[in-house]
Amino acid sequence: MSSNTVAQFATELKMPANVLLEQLRAAGVDLKSVDDAVTDSDKAKLLESLRRAHGATEGKKITLTRRQTSEIRQADATGRSRTIQVEVRKKRVFVKRDPAELAAEQAAARAEEAAAEAVPAEAAPAPAEPVRAEPAVETAAKPVEPPVAEAPAEPVAAPAAEPQPEQPAQAEAQPEPTPAAQAEPEPQPEPQPEAAPAQAVAEPVEPAKNVSVTETEAEQARPEPVVHAQTELTSQTPTPVAQPSAPAESPKSVKAEPAAAPKTTAKPGEIRRAAAPAAPDRAREEARRAAEAEAAALREMLSRPRKVLRAPEPEPQAGALSGTLHKPAGKPATTAAPKKDAKPGAPGAKKTIKTAEVSSTWSDDSARKKPADNKPAVATRDGWRAGGKGGRGGRNSRNQHQDRRHEQVQQEFIAREIHVPETISVADLAHKMSVKAAEVIKQLMKLGQMVTINQVLDQETAMIVVQEFGHTAIAAKLDDPEAFLDETAAVTEAEAEPRAPVVTVMGHVDHGKTSLLDYIRRAKVASGEAGGITQHIGAYHVETGRGVVTFLDTPGHEAFTAMRARGAKATDIVILVVAADDGVMPQTREAIHHAKAGGVPLVVAVNKIDKPEANPERVKQELVAEEVVPEEYGGDVPFVPVSAKTGAGIDDLLENVLLQAEILELKAPIEAPAKGLVIEARLDKGRGPVATILVQSGTLKRGDVVLAGASFGRVRAMLDENGKQIQTAGPSIPVEIQGLTEVPAAGDELMVLSDERKAREIALFRQGKFRDVKLARQQAANLESMFDNLGEGTQTLALIVKTDVQGSQEALVSSLTKLSTDEVRVQVVHAAVGGISESDVNLAIASNAVVIGFNVRAEQSAKKLAETNGIDLRYYNIIYDAVDEVKAAMSGMLAPEKREEVIGLVEVREVYTISRIGTVAGCMVLDGVVRRDSQVRLLRNNVVQWTGHLDSLRRFKDDVKEVKSGFDCGLTLRGNNDLQLGDQLEVFEIKEIARTL
């Protein structure tokens, strides 16, 4: 028995403990304080007390429910047989009689019995007497019930033999009243709590008992009615009385007990004498009215339709009908006995059979059901199953079978929710709606679409079709296998342990980031980079006196914005390197924005303090303007002056970095599947796809199945930043892994999966998704550019870019695409990691593109193919050079700019008109020079009158090419004779000037 204290119980109930203690004391539980223990019996007493206090009574109804599940097989729309689950639910409610009402009825019954004893002995054996003594019969049923429950197979009339030895002489003289009178004193007038189930059973039994009484009254005019009734009732007794679901059979068995006792001793003449009516007319009328009312109520209850889903039953065989229901062959005795003894025309017999059979018990129901057959249930027009071989109309069974074969199966329409994916075929859509594909095609034809069964429909069309069929259409996405990753991440939880900080060095180009990192690593990396600038993101881990620190070195050039953003995303602390002689530059500002967007703390390293022109104070002022406030100004950003050449301030810088790391309390699980970030990726000629990974949590082991973006694979080899083979890598350790199927994109998340098949599935899904998005973007770009280029002569410079690593490819493509203008557009046809191959050259031939190799070279076969077809191959190892040359090539493709240049001024001094030539002007060159092919502008009073070309230029009678200032000449204008004295001619030329970007 569970127990707890009053205080704990009050906490569970969310109420004050002292109030609960008062209620327990009021309920009769002797408790002193809130620390006393409360048992389950105390809780029951409290509940009973509270119910009485609130006027609640015990439950008066008992509801019994039962479920039965069966299966039927039925053909669906496609002709395939499928199994349908059929569930039958039954409910029975039993009402408990009020004890006060029962006591009142028993008292009234005893008074009537006392009055009946005063009647002469001849009138005593009247069969109507039990009607007036209903409560006595009910109470007599209570002690009879336990022996019946112990031996349910015996007839119920057997226990009635117990009172016979006590008064055998009275049994001969008075057959019926003797057992009834003996049964009276046995039950207690106040029912005990144990008797409650018997009362509950007796209550619904009462109407059936009255019905049987009216039946006996109806048979009083017949010669031997009581004998028939006795045999009929005893034939019904094999059903156990103790079952609560047999409300109509138990009273008959109880009533049969007093009648069965005299059956062995009394003579037939005495039984006939007992059938004579002797009770007063008034009592009989009241009994008849009450019995008829209750019989009507019972008939109404039994005739009420039950809402039960049942498999269709086969038609009953001829000759197997009894009463109104078909009884199975397993229980023939219950229906055969009344037919032998009872007369066919006796109304009492009919009613008894109906009452006994309709008041179904659960055992009868289960026996009545036939086992489900494997054949599909074929429905006919009226909704009933067709008869079998032995059914009615056996002669026409062949015709019925043919009709059934041609008859369409009528199924009730069920509105479903149909999940429609982005694309679905007509056949699949029909299967989802459980209709034939021809119906869907017919519906689409009505909508104006001619389709075939395998044609793929888009989501919108499919949803319209679903709605036309009356179903509810729900737009559904394809199954996303990436949901598996969320489940995996939720399951794998391990204890977090301290890890090393990841520090990213950021800043403007040439401010000394890599040199600073070199001094920390005691290695020379900057000199190895082409042009002395960092073009790759480097990852190193350094062991200092205070622990391990992982450094990420990002490029400072503007082209590497995405790389810097990735560095800030993967990092814990950012070291912002600013040159003391240069100050804050554009990439410095960008690095500040990246750090703030990632919520990463900053440590400013003011570099190059060893230079004479260094001005650290100016750097501080400029950084304050960028909202980076040093600690000495009241901010939270440490400023450390350092020199990458002399090593001054390096220890202070590391001290500040590790101090920030301690404040952050960096932790990560170690004993867990690894997760990380792809820092850099490239295609190595001998090793295949190689990716630089920063492990962020867990432990990466050799042989693990990894998923990185749209690529997957098994880790075949792991190298540290020094090129040494390692077997495992913990959190904050950068490693280079081999074994991926293709080069992942830099910035992709890497994670270890247990199942290679699942990794392949997710990678293929991502590839398809990426391809769809890429095609959609290209299609959108093509449409936009098509309309933009319709009226303009836009030129396109096609490029194929091949680089050594993924990050450089991303940066170079981004820089080249930004060069596009309205007149010349840069189109990167293909960009990838690796050397220049024959396929790249073939693509360049098809698209008339220039191939750019960044830190890579072309294969020998690719070189020959390029020379043969005149394809331009260009190699670069510095990103500046590549961008500048592409810019120059684009400038050469630009249309030249036309400028007008005035070269001379001429004044008209004389005007001559010559018939064959027209108007000739005698002029003086005031300024500059006049050339024959020049254009002129006619000015009159400084207003432009005409613009055109010179037709001829002569000095004296000779044609000349030009006339210089201070000389006179004669000239004619092409297409214009409107010349007057004093007009001026402005001579000019249009020159084409090459444009630059």
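Heads up, the Cβ atoms here are built off N, Cα and C, so glycines get one too.
What Swiss-Prot lists as GTP binding site is 507-514, 553-557, 607-610, and the listing cites sequence analysis. The compositional bias 'Low complexity' annotation in Swiss-Prot covers 116-185, 195-209, 256-280. Residues annotated as compositional bias 'Polar residues' in Swiss-Prot: 231-242. Taken from Swiss-Prot, the feature compositional bias 'Basic and acidic residues' covers 281-292. Annotation comment: Swiss-Prot describes 385-394 as compositional bias 'Gly residues'. Positions annotated as domain 'tr-type G' by Swiss-Prot: 498-665. The region 'Disordered' annotation in Swiss-Prot covers 101-406. Per Swiss-Prot, the feature region 'G1' maps to 507-514. Annotated region 'G2' per Swiss-Prot: 532-536, in sequence order. The region 'G3' annotation in Swiss-Prot covers 553-556. Residues annotated as region 'G4' in Swiss-Prot: 607-610.
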Open item on the list: Helix, strand or coil by DSSP: which one applies to ASP510 (GTP binding site)?
Closed with: coil
Task: Cβ-Cβ neighbours of GLY507 (GTP binding site) (radius 10 Å) - done: 29
- [ ] Within the region 'G2' (532-536) only, compute the mean pLDDT.
- [x] 46
- [ ] Give the number of CB atoms, excluding that of ILE609 (GTP binding site) itself, located within 10 Å of its CB.
- [x] 21
- [ ] May I have the DSSP-based helix, strand and coil counts for the residues of the region 'G4' (607-610)?
- [x] 0 helix, 1 strand, 3 coil
